[in-house]
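*Asks:* This is the structure I have questions about; it appears just below.
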Amino acid sequence: MENVEARYVDLDKLRNIGIMAHIDAGKTTTTERILYYTGRKHFLGDVDEGNTTTDWMPQEKERGITIQSAATTCFWKGYRINIIDTPGHVDFTAEVERALRVLDGAIAVFDATAGVEPQSETVWRQADKYNVPRIAFMNKMDKVGADFYMAVETLVTKLKANPIPVQMPIGSEKDFQGVIDLIKMKAIYWVSEDGSVYEEREIPEELREEAEMRREEMLEKVAELDEEILEKYLEGEEISEEEIKRILRKATIENRAVPVLCGAAKANKGIQPLLDAVIDYLPSPLDLPPVKGWRVSDGEIVYRKPDENEPFTALVFKVQVDPYIGKLVYFRVYSGRLEKGSYVYNSTKGQRERISRIVFMHADKREEVDYVRPGDIAAGVGLKVSQTGDTLCDEKEPVILEKIDFPEPVISLAIEPATKADEEKLVKALLALSEEDPTLQVRVDKETGETIISGMGELHLEIVVDRLKREFGVNVRVGQPQVAYRETIKRPAEAEGKYIRQTGGRGQYGHVILRIEPIPEEEGKNFEFIDKTVGGVIPKEFMPAIEAGIKEAMMSGPLAGYPVVRVRAVVLDGSYHEVDSSEMAFKIAASMAFKEAMKKAQPVLLEPIMKLEITTPEEYMGNIISDLNSRRAKIESLETRGHLKIVVAKIPLSETFGYATVLRSLSQGRASYIMQFSHYQEVPEKIAEKIIKVV
């Protein structure tokens, strides 16, 4: 075990990074190799063999996809690098969002034969949302069809990025031997089988001319980033290695450029220069603006600098239930210092908690430490109420960092224990899982008494059911997947609700006149409440009760009992009784008025529409498209990428159940697809009638 004190590097020598990628770009292998060359890993893990470090849940080992973002720490040239592994599958985009929120920078890994693939666009846009600086790694340069410059070009066409290649490959496909560093103008070759020994040599004569041309292209792009350097460049002066790196670093941190490197992680080539680039171009916590929060007492905006003397502030970005030590709460420290055994205040929940132990994680091993400082990513033991997105802080100076927004689930499944004995275990297990994953919702259907789980897609729920069996030993039976329909209105309507009860003694009196109107989808709001009463016809203290009554009525719409969305409720008028009026009476009156107005407002059913991207060999395309047409899909684009076709379509979720099996048989297993939620849309009348009948 190394000396723990040695683990605390100066803040400028700390890098918190994520590795983001499309599902098969080779992200896990890249992470593995990083851990191997930084000396934390004693054998080379290989995803295809199922023994990698970051993919450590059994389901991931079988499926070869990364689901849980495990935080890992390693050292390189005196710098400490914390890596958050982010999942590349669309059903887990919430997990990606959460990881990006706490990162300072990222490596985007691409497959050099494909460049930007559909899922990489989604992850890239999420990284844009949180202004995460990134460098790009074109992986799989040894694969048939690898084309470095084509892949770089897709960063421009698909992502509108400003890529600046700082390397050029030596050969490609089976002849890929190494890289040329365009800043130093040296060739780098990997000498040993495991890639741990590499050496710099002079650039081979036959590549010299191309290397000079590529360096010129790089210098031109670097010069455009800085006026002083541009002048030097135009006057033909020499630009030093330090200057190039300084300008590139600044531009990367400001999200104005993306340095691009290449390699073949599986063939153990290109990883050490990638680690150098993490240090050269990605920010330390000191390079980024202070984190913004809201003071609990008055809602004023406050900023916290990455300084040990500031009050403690941290954000919880992951909760895992560890079979041995119970609940592990992963957090990122933004300011201040926290010792193990001390108390911390959860400002989101308004409760103080004691953190009994603090651990630094190495994918699935852990190392205990006495305290954490700004920039640290650690996991705490003993925090009972803390959940993802919560702020942990100093009780004397409480702040709330912004909440992380998670998308609404679109698919539901009824689930029941296989035996009586599983009943209690199921409740506990679902509680633990929904605590870990905010996009998993669990509720009990009032009418049928069934337990319903809802999530982001079929794969998401399959994995939940799988984990119930595997981790919690609960056997369950599941129903057919159900679409999370919604209801809304097409025109404004008014209605009145009066609730009057006169039974000996005190009565009940509530009277509300409401108008409801549709909220256009582009406003992105599901509900708005406006009080337009004048002259105190309804005292202000009853307004929250009226709003609560409306919200309760919205949980079950008039057509088929689905939740109501995109409705603005305006209280126009009403009356009250000095003695008999109560919150309860107004809540009921508001609910009555809302239900009445809904009936008049031309209610319609909405269904989730998914964005579907299918990659297929050309010969199956005809069958795939005619099948899509039979599923009410709208084809949006057809693209050719190499010998493959990419079909992009919007399709109702209800038409996609079991699609994996259908696509497999249509393409003899050669086509693949990814799917993610796009928007809600009105259900065609004929289909709506059938849905309403069933209910």
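Any Cβ shown, glycine's included, is placed from N, Cα and C.
According to Swiss-Prot, the protein carries these features:
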type    : residues              : note
DOMAIN  : 12-286                : domain 'tr-type G'
BINDING : 21-28, 85-89, 139-142 : GTP binding site
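Set these features in their place in the structure for me.
*Replies:* For Met141 (GTP binding site), other Cβ atoms within 10 Å of its Cβ number 29.
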*Asks:* Express the predicted model's confidence over the domain 'tr-type G' (12-286) as a mean pLDDT, rounded to an integer.
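*Replies:* On average, pLDDT over the domain 'tr-type G' (12-286) sits at 84.
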*Asks:* Within a 10 Å radius of its Cβ, which of these binding-site residues (Ala21, Asp24, Lys27, Thr86) has the fewest neighbouring Cβ atoms?
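*Replies:* It is Asp24 that, of the binding-site residues Ala21, Asp24, Lys27, Thr86, has the fewest other Cβ atoms within 10 Å.
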